[in-house]
Every structure is written in structure tokens, then in C-alpha cells.
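A.B. asks: Grabbed the feature section from TrEMBL, which reads as follows:
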ACT_SITE  Asp32  active site, nucleophile
ACT_SITE  Asp34  active site, proton donor
BINDING   Asp32, Asp34, Asp203  Mg(2+) binding site
BINDING   Asp43, Asp123  substrate binding site
Amino acid sequence: MSKCCEGVGLPCLFKGVGMANARPARYLLVFDFDETIVDENSDDSVVRAAPGQALPEPLQQRFHQGSYNEYMQRVLTFLGDNGVRIADFKAIYENIPLSPGMPELFQFLSKNHELFEIILISDANMFGIEAKLRAAGVYSLFRKIFSNPSSFDKRGYLTLGPYHSHKCLDCPANMCKRKILTEYLAERAQEEVEFERVFYVGDGANDFCPSVALTSADVAFPRKGYPMHRMTQEMEKKQPGVFKATVVPWESATEVTRYLQEHLKKKC
């Protein structure tokens, strides 16, 4: 094995003979945030800032399906009413633990950043995501982050808005990740950027929707025991072959790292 292959480096992945026109293989790596990059649901994490670290009974009641975005705005208003401000939110988001193996995965991606274009699609909020990624030292790895817009109003309250509108019946009203991913791939194609393969790392039901749109060349990494994993298993039982992507479940992100390492070695 060549020295570059031992380190899964860049030179062995050039295509063709002439170095002047050679380009490295390019992959799109898509991350979810809650319970994927971080080991909690960040919407639940902010409740730690509430009085007694709990919400009042009316806010604990189940929200209507499809209106989670509006429900979270009510939670954020309650927190604002109780004096929770930007520094409080920032501290909470920064201290949410990363999922098992995620630091090692980010180290691997940092060393091989030329090979991966990395984006994040999350139904959380921009402020929280950016705060955590910066605290973890990995913000610069991401080319683009798609999440619900958030800002602090004149009162100092954190406010949340919907990302977009869509017609998907399987996703919450404020975000369809499949729509975001397909539009992103189309935009990059217009910019003459074609990806050899798409890797998708997620956990939730809203990650299942975009993963169904993946091709047989792509890989879906659902977190074991979470909705995305269960839904892929159910589809395979009921509609064998409909789910095209290779499915690689993970408990620790080191399993994702190991798969990517092995894939790059095969390209050498």
C-alpha cells in the first residue's frame, strides 16, 4: 500500500494520469444536529434554564403534530419571561455533549477536508447550532448550515421562525429536509460540482425523508434504535428494494469514521 493510502491522504485519490487536470474525488457529507452531532435534543436542553429546570403544566402538554416550531416559540417566550437571555442560552448550547465518537469523526474530517463537502440540515435553530459548533471547534468544517432562523429581539428574547414552506406530507410544516437536500444538490450541479457519493448521518423521522431520496451509490447512517433506523428497517420489510442507499447503523460515530476510512482506502 502506498504511503498516501496508509494515511488516507489526498494524492492517491486523483483520477487520471496528468496531474495538471486531475481532481480529487468529492463527497457530500450531510449531518443532522440533535441526537446526531450532539447527544441530546437541544430543544429539551434549553429547559434547564427554566425555573426549577421544568416547564409549567400547559407547556408540558403534547403539541399538535406539525406545529413543533410554534410550540418551541411558546417555550422560548416563557423562558424570556423568566429572564433567560443570550448568555444563558449560549452557555447551555455550548455545554450540550457531543454524541459518542463524534470528536474522532470530526478529527478525521478535518484531516481529510479536501475530500468532503459538509453541510448540516437541522430542525433546531441557527443560534444554538452555531454556538455549539464554534465551542466544539468544528464550525469551519461546514460549508453551509440549514436550520430555522433565530434571533434576539429588543427584549432580549430568543425568537424562532420557520425555515420554509413545502408540500411534503411526511415532514413538519416548517421544514422538509428532502426539499433542502435536493435543492442543494441541484444548485451545486449548476455550479458544476458533482458528488461521487452522498453520505447522510442522522437519527430522526425527518432524516428518513431525505434518505429515501438517496441513490444506490449513497450511504445512510441512521443512529441505532432511533426513528430513522426503525423506519429504514420497516421500509425494507414492507417494500424491499425501495430504499436504495446502503444502510450503516451506528451507536458511536467511530463506526461512521471507520466506514469512511475503509471507503477511502478502497479508492487507493
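Backbone N, Cα and C define each Cβ position, glycine as well.
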A.B. asks: In sequence order, what residues of the same chain, 6+ apart, have a Cβ less than 8 Å from the Cβ of Asp32 (active site, nucleophile)?
C.D. replies: Leu120, Ile121, Ser122, Val201, Gly202, Asp203, Gly204, Asp207
A.B. asks: If I restrict to non-local contacts, at least six residues apart, and a C-beta distance under 8 angstroms, what lies near Asp43 (substrate binding site) in its own chain?
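C.D. replies: Residues satisfying the criterion: Asp34, Met72, Val75, Ala124.
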A.B. asks: I want the residues beyond Asp32, Asp34, Asp203 whose C-beta is within 8 angstroms of the mean position of the Mg(2+) site's C-beta atoms, in chain order.
C.D. replies: Phe33, Glu35, Thr36, Ile37, Asn41, Ser122, Gly202, Gly204, Asp207, Arg223, Tyr226
A.B. asks: Within its own chain, what residues at least 6 apart in sequence put their Cβ under 8 Å from the Cβ of Asp123 (substrate binding site), listed in sequence order?
C.D. replies: Asp34, Tyr68, Asn69, Ser147, Asn148, Tyr163, Pro172, Asn174, Met175, Lys177, Asn206
A.B. asks: What is the number of other Cβ atoms found within 10 Å of the Cβ of the residue listed as 'active site, proton donor'?
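C.D. replies: The residue listed as 'active site, proton donor': 24 neighbouring Cβ atoms within 10 Å.
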